[in-house]
């Protein structure tokens, strides 16, 4: 009987550890951001390529620009305090455009991950199966988005920059009065990634 209880406790303990780890980060990308004339710094983002491989690969390739187009030079066109910051419209810059590496749009991959905390990366869309290049980063828990938007990454460092952007002064369309621009983007090797941002969330 003692052996049974020991085995049960062992299973529960390591189950909790595994659950706390969350989805595996397979790739890390970065955005160097500028607001108006002010350089804000670098945000690094981990992508959950095991859980949502197609969605993660789309974002990774757009961050590197290896397909001939991508996020570099684009802006965060929509900012709502206590909700999220949205960017990735690489064709029009106003929330009506964007395109993926698979064509104009691609389907929702899955909804395995929930919008359970700030600092999560999720696909913006115009309805079911309409993913392109637009994305948003949460600044609060947003459970009402579960089942509608695909979560596929998290901020690893630079969340303080995300919070600063979320407080930017905006017009009546939620667009920052000063452009918040991705002046450089790319991919980091996993060996050189310092996961120091999760403590900020």
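Cβ from N, Cα, C; glycine included.
Keep in mind that this is a model prediction, so the values were computed, not measured.
Quick look at what Swiss-Prot lists:
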- 1-19: signal peptide (SIGNAL)
- 30-187: domain 'PPIase cyclophilin-type' (DOMAIN)
- 131: N-linked glycosylation site (CARBOHYD)
- 174-201: region 'Disordered' (REGION)
- 192-201: compositional bias 'Acidic residues' (COMPBIAS)
- 198-201: motif 'Prevents secretion from ER' (MOTIF)
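Around the Cβ of residue 131 (N-linked glycosylation site), the same chain contributes 55, 58, 100, 105, 106, 107, 108, 123, 125, 150, each under 8 angstroms and 6 or more positions distant in sequence.
Averaged over the motif 'Prevents secretion from ER' (198-201), the predicted model has a pLDDT of 40.
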